[in-house]
Structure formats: structure tokens, C-alpha cells
Amino acid sequence: MDTTTLNHTARVLGTLTRELPADAALRRYLADARRLGPAEKRAVSHAFFAYFRWLEWLDHRESAQKQVGQAMHLHERFAHDPASVKPEALAARAVPAWARDEVAFPLETLRQLQRDPVLWLRARPGQASQLAADLGHCTLAAEHLASLVSGDSPAAHFAFPVPSAALLYTGGQDLFRTPQFHNGLFEIQDLASQLVGLACAPRPGQTWWDACAGEGGKALHLADLMDNKGLLWASDRSHRRLQLLRRRAARAKIYNYRGEHWDGSAKLPTKTKFDGVLVDAPCSGLGTWQRNPHARWTTTPRDVAELAVIQKNLLNHVAPNVKAGGRLLYAVCTLTRSETIAVANAFTDAHPEFEPAPVFAESGEHRLTLWPHALNANGMFIAAWRRK
């Protein structure tokens, strides 16, 4: 690896503090590094995240530059030959010990966490084939999933609709500068997140509430699935994120939504009864550790415990706003027992007015864990109920 990349990566690592998360420090550094070209910035980002993927293999007595070099050597060797790292080493070093107590990580998921993440796009309705042709370097989700699914793959044991709008992008251009992006023809959205929208299965003319909408990725997907008809409420505790949602919706020409501030408390922003409610709750994010390897070493068991309380409260608070016969979806991009099965069990036990419902009609399963290696995407847990 060239010394420029090593030196810049080491400098970014030197700026990390408890108040400044790793990804934020990287963004700030690269924004200020005006002498670095796009390719050089990509190389620094690549090395930076490789450092955190292989952190427990590094000799921390060495300089930061040498540790980054060690990480890149391990990363490149593993990419060429995954068997070069023994399963016992992956189990012991790829994730912190507390996470192993919370998650029964399959070996293939541990291997997936050590790989570079891929980029998924969601094309607007009816645009996937043309978008793939215009952008190039795109693979339809159906083709990619067919290459992954085998008899021993978790994906083979669940039936779910293949997202026809999902594209795997492997090109190198800045997608935010493309005319297709500015014309609202696609969103950058992980495949697992797209499956959450399909699990909701909203119909045109219905009323839905995305209770923890964030910047609106899933809300915009719901609006597309509703054919821009009916009413979609999108709430979040962050005014900044709601403002970003407003911009994204304008670019996508989505007009059937209403953004509302909600802090997650028992005081709801509306008395409306909905055909469906999605609680895409704040979580520990273990399912994103391939994309955010630095979070492996900053997330704590206390975070998981506190978030599980928030998740249970959110479900309890929104439950009265689901119509009779309506759907309630719980989704988290994590894999911990405390935030997945335990939360779902607690809600089922506390709410006899709800019954478990199939996440996807194809499977009949009312809970679904999407493992990162099964879809080449984020890990995700989805549970569904129907109000009696």
C-alpha cells in the first residue's frame, strides 16, 4: 500500500475521540483534505474501515501506519482466500465477546462481516431495467439472489418476494452527481431495508404510519408501493432528519405523505387509526457491522439493554393506532436476542388484541431474521402482527 494512504489513514485515526464517532471523523477529514482526489479518498476510506475490521488481529505496539498496513494485508489475503483465517479466530476476534453472548453468529456471517459491503439501489417503479442500462455496472436483485441461494443458505429456507426494484451497483461513479439521481429515479437503499417495505405490503389508498422514519428511506418506499395514493404519516424525533426527508420526497415527487415530529413518548402525534404501522426502531445496529465495522468496538451491552426498553415502549405506544385487521411491523437492523425475539415476545404477551401475522405471505413465518451473508446485505429482523 502506498505511503500516502497509510499516512492519511493514520491521521484520521489520530483524530478519534469519544465525542467524534469514527465515521464522522472520516467524513470531516476527507472534506478538509482538498488535495486528495476521489480515488485517493476512496483508498483512505477503504483502509480506514479495514483497520476496524481487523482490529483484534493487529499489533498495537506498532505505529498507526504499520497497523493500517497490517490490516490491509489481512484484508486482501482474506478477500482472495477466506479460508486463510481460521473459523476459531473469526469467532474470537471479528466481534466483541458480549456480542457472541447475544447472537449465535453463523460462520458465513462472520466471514461476511470481514468483507467490503456492496451498494444497493432502489429504482422507482418501472425504472429498474432502464436505470440498470443507463448507469451500467448493475445487477438485478433476482439474478444476484439466484447466485447466493443454495440448499444450506438461510435464504433458501424462507420464501419472500424478490424486490424487482433492487439493483446491486458495482460501478465507481459518484451516483449523487448523476442526472438519474437528481431526477428522482432511484434511492440508495440496502436490500434488507427494501424487504421491510415489501413486508409492510401497503396498498394504494390505505393509511400508513412510519413511526421512526429517520431520513425517509422506508417511508419513500412505502409511498411508491402505495402508488402515491392514500396517506402516509412519517414521524421522527429529529427535526433535521424530517427536513432531509422533505427534500428527498420533493426530489422523488412523493406528495402523499405528512411529516410530523414525535419523540417516541406516549403522547402520539395523531389520533388517526391506520391500516398499518411500521416501527423501524432505533437499535444497536449489529446488522450493519459489515458497513460500519467501527461500531463493533463502541457499542456496549448497556446500549443493547437501553435500546430494548425503547423498542418495547415504541411498540406499546403505537399499538392503539392500528385499525382492527391492520398490520403492525417491527423491524430492526440488529441481530441481538434482546432486541429481536425478546422484544417480539414481550409485545405478544402484553397485547392479546394482536396476533402474530406472516411477515411475507409466501412463507407464513411471523418472524424473520435476514442474515448478512444470505442476501449480501445488512442483517435485519422483522416481526409482524395483525390487530384482531
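Placed from the backbone N, Cα and C atoms, the Cβ positions cover glycine too.
As the structure is a computational prediction, the values presented were derived from the model and not from experiment.
Annotation source TrEMBL lists domain 'SAM-dependent MTase RsmB/NOP-type' at 109-388. TrEMBL lists ASP236, ASP263, ASP280 with the feature S-adenosyl-L-methionine binding site. As annotated by TrEMBL, active site, nucleophile applies to CYS333.
Shown on the structure are the features that TrEMBL records.
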residue : record                               : Cβ neighbours (10 Å)
ASP236  : S-adenosyl-L-methionine binding site : 24
ASP263  : S-adenosyl-L-methionine binding site : 10
ASP280  : S-adenosyl-L-methionine binding site : 25
CYS333  : active site, nucleophile             : 25
Fill in the blank from the handout: Three-class DSSP assignment, ASP236 (S-adenosyl-L-methionine binding site), comes back as strand
Problem - CYS333 (active site, nucleophile) and ASP236 (S-adenosyl-L-methionine binding site), distance between Cα atoms, whole Å - result: 17
Handout entry: Shell of the S-adenosyl-L-methionine site beyond ASP236, ASP263, ASP280, same chain only (C-beta within 8 angstroms of their C-beta centre)
Key = ALA211, CYS212, ALA213, GLY214, SER235, ARG237, SER238, ARG241, TRP262, GLY264, PRO282
Practice task
Using C-alpha atoms only, work out the spacing between CYS333 (active site, nucleophile) and ASP280 (S-adenosyl-L-methionine binding site) and round it to an integer in Å.
Solution key: 8
Problem - Where ASP263 (S-adenosyl-L-methionine binding site) falls in three-state DSSP terms - result: coil
